[in-house]
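Q: According to TrEMBL, the protein has these features:
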TRANSMEM  A:21-40  transmembrane segment
TRANSMEM  A:83-107  transmembrane segment
DOMAIN    A:84-277  domain 'ABC transmembrane type-1'
TRANSMEM  A:119-140  transmembrane segment
TRANSMEM  A:152-175  transmembrane segment
TRANSMEM  A:196-221  transmembrane segment
TRANSMEM  A:256-277  transmembrane segment
Amino acid sequence: MTTTVPESQPRSAHQHGVRRIVLPVAVVLTVLFCLAPILWQLLTSFKTDAAIAEIPNVYFPRPDQLTLDQYQKLFERRPFFNYIFNSFLVSLASTVLALGIGAPAAYALARLKLQGERIMLAAVLIVTLFPPILLFLGLLDIVRYFNLGNNYLSLIIPYTAINLPLTILVMRSFFQQLPKDLEDAARVDGYSTPRMLLDIVLPMTIPALATTGILTFISAWNEFIFALTFITREDLKTVPVAGAQLGGASPFEIPFGPIAAATVLGTIPLVLLVLFFQRRIVQGLTSGAVKG
Amino acid sequence: MDKKLELVDLRKQFNAKVVPVKNVSLSVGSGEFLTLLGPSGCGKSTILRLIAGLEQPTSGQVLINGKDVSRLSPGDRNIAMVFQSYALYPHMTVRENIASGLKLRKTPSGEIQTRIQDVTDFLGLHDLMDRKPGQLSGGQRQRVAVARTLVRRPDVFLLDEPLSNLDALLREHVRAELKQLFGTQNTPVVYVTHDQTEAMTLSTRVAVLNNGYLQQLDAPERIYMEPANRFVAGFIGSPQMNFLQVPCESRRAIVGNHPIPLPRGANMPTEITLGIRPEHVHLAQSDHEPALDGQVFLIENLGMHNLVSVRIQGQGEPITVRAIVGIEHRLAIDSTVRLAFPPESIHWFDVSTGDRIQTASDSTSVVSPSVTPTSVTS
Ligand SMILES: Nc1ncnc2c1ncn2[C@@H]1O[C@H](COP(=O)(O)OP(=O)(O)O)[C@@H](O)[C@H]1O
Ligand SMILES: [Mg+2]
């Protein structure tokens, strides 16, 4: 040990120096690349109309080019909180449903020796390969048939269905890596099956549920085609549709400012959600159950 | 009341090909420590899971204190089990882990407190009670898993390879601890391992299993001194016993230049399997001793002794005999040695069945009745 350390020091110090520069630069570039459109929207939503229209583009607005007018205009023209509420309700309901149906199904697929298990899994997988846009004409007919147009259910049901396969596949692989010994130990301890699922399995499953739940929630929140087609009543619209349909004072004006404000407001709930659940998603909750 | 566990003709068949437990019968009484010993995949864990009720037997019965529990769920059998992975609930503290089984049985909370107190005193767990399993070392987790079974005061303790996840030094330490600990419990213990040292040191009796069959059920000394068949003889003891298949002539086995008289149990075979442990083979002192001439081709240092592999030319293929020889003999590779087999240390086995052939030095009831005749694989 002591003989090798001085030898390797210069080299590792050099490597360290390179890392110290390259790593942050790479991080900054990657983050910029990913966030640029969002940052642009954020910036636009705080600029005055004049600054938005100005050529060349204003990247660094002067203080007199900054304003909250765009948000004010947005709320004057449209009941935007209403849209957020609709989106929230629909997304939450389909997330809860997808988890409530998908997790038990995944558990059964992972733990029970079911006949035709492979066929079921193949079917689930094939459904995920279907582009939803191919389904939507058929779905429109179904929605009409059941008279579900302009009803939250017309969104909640398809969103749940579309997200179920992913939920099942992800949760199944999670349950498969969950040590079976724990459930056996619980049964020897005297837990009945429902209590075992509730008291032992569920607490260990929360990180996986949070992760898949967030994915479902985001995909439901951002969905556009179904929401555009199945909902026409103004007070039932969701954020993406309402944002896209923001009109100007005249047909020839594109209201860039309010659209940017709508985008920002529509994204904030998702950001908050992910930040809130981040702590829950921390991996390694099962560590310590079995020898690590 | 005396506690007792009995398995009656227990069989488990997973599918047409996989039958890990084949008609095993045995019983374990109060204060007995029975070890199920056998190679990986021989069905040890499956037997334990059948006793626990985690698997249903295809046929046969599990009796606890004389009562058939084969149809009861694990929670109703009053057994406690230590899993190989310890299986501590990761989201509960050590205290909750230990208490969970008692709480579910609606034990009064005062009683739970005193029992937990007793066990934590016993195992020295005081400082760990409010930690989660993730914050414990491997050895500590193991103790918690043991504590969780002890508080239950069950009718049977089941342990599935509880030491295999510990490092070697700790394993030796915990092994001694387990022996003392379960010695005080006065409850049947069934312990599963593939490690013969664990089996020999811990058990009052050892059940050797192979291929789902019970091969021999005896005290550790007997298993070593009088293995019931070739499989047991080869599985127990390290380094492994030497086996020589030798021709017989007029009640004598022809081994090298000195015929060895066959045991009285043998009835005129033409061939017989001779078994002798490396620690019993020694260098011939005189020319009168029955001995084999051979050439050393490998010397392995075991510390106090050398394990010497010797090639012996016979009529057919050369055979290899391994012997433990004191280092003072200073053998060299390619040197010629004469190996002597003390007659009292020789084990004889039937060539076709592999069963032990009784010798004069055997205790009276030699072959355990539980041995199945078709059980030998070689
Ligand atoms: N649930 C099961 N389904 C099918 N085969 C199994 C099952 N459990 C164990 N087996 C098989 O039974 C045999 C014995 O397993 P086990 O009792 O775990 O052996 P070990 O002696 O190593 O503990 C193995 O071949 C294993 O693959
Ligand atoms: Mg096993």
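A Cβ is built for glycine as well, from the same backbone N, Cα and C atoms used for every other residue.
Walk me through where these features lie, including what they touch and how far apart they are.
A: Long-range contacts of the transmembrane segment (A:21-40) within its own chain (CB-CB distance under 8 A, at least 6 residues past either end) are made by residues 263, 267.
Outside the transmembrane segment (A:83-107) by six or more residues, the chain places 152, 155-157, 159-160, 163-164, 167-172, 174-175, 197, 201, 205, 209, 212-213, 216-217, 220-221, 235-240, 242-243, 265-266, 269 with a CB less than 8 A from a CB of the stretch.
Tertiary neighbourhood of the transmembrane segment (A:152-175): same-chain residues 86, 89-91, 93-95, 97-99, 101-103, 105-107, 109-111, 121, 124-125, 127-128, 132, 135, 139, 143, 205, 208-209, 211-212, 215-216, 219-220, 223, 226-227, 230-231, 236, 238, selected by CB-CB distance under 8 Å and a gap of 6+ residues from either end.
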Q: Looking only at residues six or more beyond either end of the transmembrane segment (A:196-221), which have a C-beta under 8 A from one in the stretch?
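A: Sequence-distant neighbours of the transmembrane segment (A:196-221): 87, 90-92, 94-95, 98-99, 102-103, 107, 155, 159, 162-163, 166-167, 170-171, 174-175, 178, 182-183, 186-187, 238-240, 266, 269-270, 273-274, 277, 280-283, 285-286, 289.
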Q: Could you give the residue numbers and ranges of same-chain residues that sit at least 6 residues beyond the transmembrane segment (A:256-277) on either side and whose C-beta is under 8 angstroms from one of its C-beta atoms?
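A: Tertiary neighbours of the transmembrane segment (A:256-277) are 38, 41-42, 44-45, 47, 49, 52, 69-71, 73-74, 77, 80, 83-84, 87-88, 210, 213-214, 217-218, 221, 239-240, 242-243, 246.
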Q: Please indicate, using numbers and ranges, the residues of the same chain that are 6 or more beyond the transmembrane segment (A:119-140) and have a C-beta under 8 Å from a C-beta there.
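A: Long-range Cβ neighbours of the transmembrane segment (A:119-140): 109, 158, 162, 164-166, 168-169, 172, 225-226, 229-230.
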